[in-house]
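To keep things clear, I will list the structure first and then write my remarks on it.
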């Protein structure tokens, strides 16, 4: 009898921790999203207003529309660059031979750097007066000398994408390398014996076999791109104007600059719903693969 209850006693502290730090705050934020609560008016939640916050966000808020557009552009470009770059690097490192193990160790280093620190570092490197990237770009293209990257809406978004790709491409390269290592060699060897060129082998044999892994990389990177926040705060601050304000950054601004907790919760739940959808899709993709983990 004691052994029967022991497992529940042992799991209780972890369950209470999860309840207190995850489930309970999620429930409170969901309830808050249906109430009018502005800290500038009251420290306690206001009246129930139904789905009004959700309707305003989806139909009548230019700030939400702008953040959604910026997030969509950032995600599409960032994911495409990450997947293509990771695939290219993985194919090159596949032939690295003795350097393969050393390269794997080096590739994990950028991912170990915190996103906030990445943003601060890139802010210095793209500084108009003493940034190393600005100096290099000016040396190659004279009209870029002294260019203020973070003052231009398009350039600031490109710098944000570049900083995120710098952090994620090496890690995703390791994932693709793992997928390449799991591929059987016989189909590629048979194609070469039949006279196929290396490009044809890559196009018709390797990449089609690797598509499930690339799909996982794309979905996983999409989830993290949609949550982009730390580097926005430390690199661009959402500017210039609102050109780099993502949905996650908008939630922060609504809650802690405008103090509208009800509306911030609603926008956060819209983003959460999208992330949950992608997470479920990701899990289905993983579980339907034989031997998927």
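Just so you know, glycine gets a Cβ as well, placed from its N, Cα and C.
TrEMBL lists transmembrane segment for one of the ranges 50-71, 72-93, namely 72-93. Distant neighbours of the transmembrane segment (262-283): 29-30, 32-38, 45-46, 49, 53-54, 56-58, 64, 216, 219-220, 222-223, 226-227, 247-248, 250-251, 254-255; these residues of the same chain sit at least 6 beyond its ends, with a Cβ under 8 Å from one of its Cβ atoms. With Cβ pairs under 8 Å as the measure, the transmembrane segment (132-161) is packed most heavily against 105-126, out of 7-27, 72-93, 105-126. Panel annotation: around the transmembrane segment (105-126), residues 132-134, 149-150, 159, 162-164, 166-168, 170-171, 173-174, 229-235 of the same chain, lying at least six beyond its termini, place a Cβ under 8 Å from a Cβ of the stretch.
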